[in-house]
Every structure is written in structure tokens, then in C-alpha cells.
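Asker: Below is one structure. I have some questions about it.
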């Protein structure tokens, strides 16, 4: 009888009219690399990632134009508040969107999220004062709750052997968006000053110098929103009472036997907050996210700040070029090497190695700022590319751990919890990073860790804490 229970006859039972069953049937027939699904996940994640950090290259100048900062050294603090408002909004609604995705499907949440980018990212580009910028970013974060559901979606739409690639696609598109977004912001902000032959001072883009990058992202989001209507829904929408009348008694008995064997496991998984493999991976993910968000804001502020404050004195266009090169390097690594490295070493080992290698790279940044000309530019391009590759490798590993820790019917809620916690940490990242950057600019002549040395030292401390948390007994895997 025990042997009979190992092979439940209901394993391949499909329900008529259930979108999740339809996707499962398609997966059974699927052969070869699922290019269409990969592209679908890629563009949706890219759409939601682009507006998150596209503002960082020009945020320094935007705050300056609002005339809210009394001193130049205070601009970083106000910039941090604008950056944090998006994540605060997302933190307040991520669990709600996860529950909605588990109850009504992944697809509606995805459509609402991309639509929010269209509306509120456009309004942010038209901001005329500090508070309008804060409110539009907050609303964009509140209504854009698709990152958790799209992670669940990427686990469900791919066959088992391609799930690591699917989650790698999420983290890669996310990482690319966080790099290409600032690149677009750097190239396209203040177009009347950079491209006077195309944009006049009296034009809409001359009056709103930060509208063009926001508009381009919103147009892309509009195209993605229309395309998402053709996405297949992956959530199973049927109950136990929908079993067809011709299901055999043996099949029902086998399913009952299986449920008894897995009862204890199912019970432990039902309580997400008591699921330590899930919660520990979420906490590690949050600490690394705090570091990455603070780094993203600090890098852009540091790159455009003046050399007398330890910065690079780069223009927004130069910052855009650096981040574009970083984005292409990241794309090449994640689409070619990461799946093989993860298969050989495992996600945890990859995350640990990446964390260790990030520390000397960050330590080198203040010394790179002492260089000028081509040498400094080449070094900062290389350092930025390697740092981003390592960061995305860490995030991908934590994605894989989180989704392996729960069943399908809980992935939306689990990723909602993950997004809520991560968003709180990422809200602290820009605000804390901006405040830290402003504080560091005021202590250029300090005896211990002067100027930006203190900024990158604090970032390394956070990295070390997150790295230590990837070991037992803290991090528990299934």
C-alpha cells in the first residue's frame, strides 16, 4: 500500500477552463528553450525596473532646481527622500498585491503595475516642486506591485529545468533596468542644454528638463501594458469540488494517501511567517537590497558631485554612458555564464563569492576618484560593471531560495511578504544613502575615513553583515 501511495494517479489531472492547467499542459508539450516566455518576463520586469532608478543621474540637479536645499551639501538628503518615497509606497501595498495575485491571478496585477508606470512616471517628469515629485513617486510605488507576482509567474510558466533560467531572467532584467534606467536619465535629461539643435528652451522639454527620460519610459510601459493582455494566466483556478464525475475511486484514494504522507510538510508550509527557510532567505535578500539601493543612489550622486567634495565631476551624459556599458556587461554575463555557474556551484555559493568580491571593489572607489582622464574613466567603468554583475548574482540566488521554500498557491503571498520587507529596506537605502553622502561631504578633512571613504566603508559593513547571514545557523535551506 505504501508503494502505491508514491505515485498518485491525480498527478496529471487537468481541469477544463483552468488557465493554470492549460499552462501545465503546454509545458508538458514544450520542447527546447522557451524564448517567448523569457522575452515576456524580461520586458515586464524591465518595464517596472526602469523608473525606479532612472531619476538618480538627474535627481541632484532636479532638487537643485526646486530650490528647496539651503546648501549644496544638503541636496543629497532631499534626493534621498524622493528616492525613498517609491519604496515606501511599495512596502505598504506589496502584501496586498501578493494576496490579490494568489486570489485573482498574476495577470491582473501585472497589467495594473505596468499601467501605473505609464501614468505616474509621466507625472513625475512634469513635477514642478519637491512635494509633487514625492507624491507621484509614492503613488507609483503603491500601485506597481508586480515584482512579487512576476517572480511567482516565472516559476510557474517554465518547465522545472528552466526555472533557474526564468528567475535569472527576472533578476537580470531587474538589474539591467536599474542600470539602463539611469543611463536613459543621464542621456535624456536636460535635452535643451545638451541638444539645443533639436530641443529649444521654449519647448515642453525645455520647460520640463527632466520630462524626456520619463516620457520615453512611459511610452515603453504603454507598449508593454498592451502586450500583457496576451500573457497566459498561470494561477490554478479550481477547487476540490471540480473533480470530474468519472474520476476513479482508486485515484481519489491515492490522492488521500499522498496528502496524509505530506500532511506535516503542508502544515508547516501553510504558515509563511513560521517557514524559516523562506523567512531567512527574505531577510538576507532584504539586507543585500538595502546595500544595493544605497549604492545605486550614492554612485550617481558621487559621480556628478564636484571633485572638491571627493566626487568625479561627471555630467549626466557621462554617467549615462558608464551605466549603459555596465548594463550591457551585465546582460552578457547573466544570459550566458550565470546559469552554468549557478548549476555548478549552487545559488548560495555564488552569492557568497559575489559578496566577498564586492568588498575590495567598493574600497577602491575613493582612490579611483583621485585619478583623472582616460585612466579614471576606464577603471570606473570596469568597477561599475563588475559590481553590478556581482550584485545581480546575489539577488538571483536569493530569488531561487525564496521560491523553492513555498508551494505554488503561496508564492504570490510569499513574494508579497518579500517585496514588503525588501521595499522597507530599500526605502531606508536611498534616504540613508543620501543622508550619509551629505554628511560625508561635510567632513572632507576628518582624520579617520575622510569624505567619501566613510560612505564606501559603511556600504562594505552592510555587505559583510549580509554575507555572514548567508551561513548557518541563520540561513536555512529546504
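Counting begins at 1 with the first residue displayed.
Every residue, even glycine, has its Cβ placed from backbone N, Cα and C.
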Asker: Tell me which range among 109-128, 129-148 TrEMBL lists as transmembrane segment.
Answerer: 109-128
Asker: When the pLDDT values for the domain 'Major facilitator superfamily (MFS) profile' (37-478) are averaged, what is the result?
Answerer: 84
Asker: Are there residues at least six beyond either end of the transmembrane segment (75-97) with Cβ under 8 Å to its Cβ atoms? List them, or say none.
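Answerer: Residues 51-52, 55-56, 59-60, 62-64, 66, 68-69, 109, 113, 130, 133-135, 137-146, 148-149, 293, 297, 301, 413, 416-421, 423-424, 426-435, 437-438, 441 contact the transmembrane segment (75-97) from elsewhere in the chain.
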Asker: Give the nonlocal contacts of the transmembrane segment (322-341) in its own chain as ranges (CB under 8 Å, at least six residues past its ends).
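Answerer: Same-chain contacts beyond the ends: 57, 164-165, 168, 171-172, 175-176, 179-180, 182-183, 186-187, 303, 314, 350, 377, 380-381, 384-385, 388-389, 392-393, 396.
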Asker: Please give the sequence-distant neighbours of the transmembrane segment (278-302): residues at least 6 beyond its ends with Cβ less than 8 Å from one of its Cβ atoms.
Answerer: 53, 56-57, 59-60, 76, 79-80, 83, 87, 178, 182, 272, 310-312, 319, 351, 355, 362, 365, 369, 384, 387, 391, 394-395, 398-399, 401-402, 405-406, 414, 417-418, 421-422, 424-426, 428-430, 432-434, 436-437, 452, 455, 459, 462-463, 465-466, 469-470, 474-477
Asker: For the transmembrane segment (413-435), what are the same-chain contacts with Cβ under 8 Å, counting residues 6+ beyond its ends?
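Answerer: Hits for the transmembrane segment (413-435): 76-88, 90-92, 94-99, 101-102, 141, 145, 147-149, 151-152, 272-273, 275, 278, 282-283, 285-287, 289-298, 301, 402-403, 405-406.
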Asker: Using a cut-off of under 8 Å between C-beta atoms, tell me which stretch among 39-63, 109-128, 165-188, 353-372 contacts the transmembrane segment (208-231) the most.
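Answerer: Ranked by Cβ pairs under 8 Å, first place goes to 109-128.
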Asker: Hey, which bits of the same chain come close to the transmembrane segment (109-128), Cβ under 8 Å, at least six residues off its ends?
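Answerer: Residues 44, 47-48, 50-51, 55, 62, 97, 100-101, 136-137, 139-140, 143-146, 149-150, 153, 208, 210-215, 217-218, 221-222, 224-225, 228-229, 231 contact the transmembrane segment (109-128) from elsewhere in the chain.
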